[in-house]
Ligand SMILES: Nc1ncnc2c1ncn2[C@@H]1O[C@H](COP(=O)(O)OP(=O)(O)OP(=O)(O)O)[C@@H](O)[C@H]1O
Ligand SMILES: [Mg+2]
């Protein structure tokens, strides 16, 4: 039983669907996108993640054709699309502001793009009905956009951009206004559509969990630059910088000086604390400043002294109960706060650790990653 | 507490009653009277000193004679029709001229918009009458327009524009242009630019996006502008009498002549009542449009 793993970015023979080559976009003297290079492959579900104002929407708008890069080129299937107007691109975009036509009903909004092609009336009707079913809007087909809720509007915008089954679909925060349950359903729906239609998706999201769930690769952006592009698991398990580690998920960062022997590194980080032992494939010069990043769920919390490569003693300051998980905020003697997460496999009353308890934190020497910056 | 509510509701009704209903009743009464050589020039007058008998004879003397008279002379219905035609055509031309101007204003950089808006309103700072007189100076045979055209060599004989219907059209379009521009501008300015982008994204060219998105979204402004031009234009008196010729037939002019040349107040009032009835239809339609618009936004 062998399953081919979908990883065209690792295959040098694979031609990317979209290529950004040295793309820079300036608004006046403000640089929104700074010399950006990306390859996005066919059938990818590419997620853009980054803080507000880092240029995600600008990037999408360049793909859709509403902004032209100040310099650099954008290729779609090997062809420069910068001179191609938006209505001639096989690209559809779902707008962050939805941009629904207020004078048209939900039905007509969804049919709008289909009517521009040369599909017959029946084909259009079938397609619209299908989209309405998919987004569970059948009941609202006759309403105008101002007569439906925010989440329903978002689904209309989604349905409208999906209707034409474009080669490339750009989704700018498509699911932000949906409740958790509907969002999850829609995420799976999107993945399903993607699988069925082979459409390439570029999706902007503020929700890292969403990026993790749906994306084949995640790009983390900051101030118009790409910080790291990798699969969700690599981004999570092996971030390249502190910025990425910090942006995706919860993390403990410890700064110290490295002394390396082989792939083992000892990090001296505080007076009177044992050095932290880690493993890395990188090389650190002796005495080089480095950051040790470890996820809270990889830190074990116990009341007894454990036997592990790394052990730290501290006191529980706070416990965040998340239902399935609990996060313990532990203060070390030198004031550093560490987070440890455990699965709540037992009932609340049977758990041994509570506020103000002295505890041990421990982790193996391969649990964390070492970062240069 | 009920008294307070009563007063609150009463104020607008009193206002309407004093400024609309009372004058209307007076005009209606005159329309039902007969012409007389007296001051005021109509009869009967209500004589309350004669008591109940006086009131009864007063009502007995009112009749629809003047309205019947309007149907016997074809001058009147021709004047109504001609006014209707002139008002319709000039409304349409005003729309054709005003829409691109409003569109240009709405698309202009936002720091320019207040200035442009000011320029549209600027003519109101001079008297309407003076502006129409100015057009006489422009359009007459020796006027600026003809001098300019003769100078460029486009024409060798001066064009006769003043005292024709063309001059009336020019006058109406000029005078009512701001009433067309402002509501359309208000509608276009509210429009979200991303709607046009969405239309283009879904395969529209710029031109189709304009037809399918911009025009429908400015529809309420277009309708409001058209009514704001059409309603006053149909009863317009100053422009046809100053710019129009003897052949220009408009009901406003007829009305004026009945009042001041013939001193036939009853017939003049009957003409006014009919004009009002004709205008009530577009006014009701206009109100409907406004209400629908409010509902769509609310
Ligand atoms: N038309 C414009 N003129 C000037 N600056 C602009 C313009 N459009 C975007 N910017 C600037 O470019 C930067 C990137 O904007 P963009 O909309 O791409 O951010 P974003 O990553 O989508 O943010 P968010 O997550 O809040 O949607 C912002 O600082 C923004 O102010
Ligand atoms: Mg954005």
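Yeah, the Cβs are placed from backbone N, Cα and C, and that goes for glycine too.
For B:7-32 (among others), the entry in TrEMBL reads transmembrane segment.
Summarising the annotation, TrEMBL assigns transmembrane segment to B:79-103 (among others).
TrEMBL lists B:80-286 with the feature domain 'ABC transmembrane type-1'.
Residues 101, 105, 108, 143, 162, 167, 170-171, 174-175, 177-178, 181-182, 185, 238-239, 242-243 of the same chain, all 6+ positions outside the transmembrane segment (B:115-136), place their C-beta atoms under 8 angstroms from a C-beta of that stretch. TrEMBL lists B:115-136 (among others) with the feature transmembrane segment.
Annotation comment: TrEMBL describes B:166-188 (among others) as transmembrane segment. Beyond the transmembrane segment (B:166-188), the same-chain residues lying 6 or more positions past its ends with a Cβ under 8 Å from any Cβ of the stretch are 86-87, 89-90, 93-95, 97-99, 101-103, 105-107, 117, 120-121, 123-124, 128, 131-132, 135, 139, 214, 217-222, 224-226, 228-229, 232-233, 236, 239-240, 242-245, 248, 250.
What TrEMBL lists as transmembrane segment is B:209-234 (among others).
Counting same-chain residues at least six beyond the ends of the transmembrane segment (B:265-286), those with a Cβ under 8 angstroms from any Cβ of the stretch are 24, 27-28, 30-35, 40-42, 66-67, 69-70, 76, 80, 84, 223-224, 227, 230-231, 234-235, 251, 254-255, 258-259. If you look up TrEMBL, you'll see B:265-286 (among others) marked as transmembrane segment.
Within the chain, the transmembrane segment (B:79-103) has long-range Cβ neighbours (under 8 A, six or more residues past its boundaries) at 120, 165, 168-169, 172-173, 176-177, 180-182, 184-185, 188, 214, 218, 221-222, 225-226, 229-230, 233-236, 240, 248-254, 274-275, 278. A Cβ distance under 8 Å defines the sequence-distant neighbours of the transmembrane segment (B:7-32), meaning residues of its chain 6+ beyond its ends; these are 42, 62-64, 66-67, 265-266, 269-270, 272-273, 276.
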